[in-house]
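Report on the structure given below.
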Amino acid sequence: MIVGVLALQGGVEEHLTALEALGATTRKVRVPKDLDGLEGIVIPGGESTVLDKLARTFDVAEPLANLIRDGLPVFATCAGLIYLAKHLDNPARGQQTLELLDVVVRRNAFGTQRESFDTTVDVSFDGATFPGVQASFIRAPIVTAFGPTVEAIAALNGGEVVGVRQGNIIALSFHPEETGDYRIHQAWLNLIGKRTELAI
């Protein structure tokens, strides 16, 4: 199984470490040819406006979007969630997204870097529940609204939606890769494995 990590900026190495610890073969994705033969891709956290600009600069945005539309499994964290969203409450000037995930997202919903925090979050999808996932919220977004094809899979005690699934897309506001809690990475890899088996 070959899975990619969009390696334009942000928390690339942490996701590579998680995936490789779980036995996946990984590839850094920077240009369109890096997408060839992937069975899944991670869009990591970082700075969503920089991610957008670099993806367009390296001509990877459009082929990536096309593959996701065609069903390529995606796991996105923090800025990755923002980058997939159809709508942003508070976009930066000129900011573009892939507009693939039917959600409204508020950037930096908890404030600045100083207001970053760690907590635990219960995550549920594909018939499984992962209690107490160790989650790092770093200038994190939240989902303020979502369409009928989107399922909320994680929320904070105050009701803020911090994880969603839409078909082949799983997106979280937080960073499990920063905490060493790799259960969601493993569950995502399991979903890819099931998809591959069905395709055989």
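Cβ coordinates are placed from backbone N, Cα and C, and glycine is handled just like the others.
Checking the candidates R69, R107, R165 against Swiss-Prot: the one annotated together with G46, E47, S48, I138, R139 at the L-glutamine site is R107. Maximum C-alpha to C-alpha distance over the listed L-glutamine-binding residues G46, E47, S48, R107, I138, R139 is 13 Å. For G46 (L-glutamine binding site), other Cβ atoms within 10 Å of its Cβ number 22. Neighbours of the L-glutamine site: apart from G46, E47, S48, R107, I138, R139, residues of the same chain with C-beta atoms within 8 angstroms of the site's C-beta centroid are G10, G45, C78, A79, I82, N108, A140, P141.
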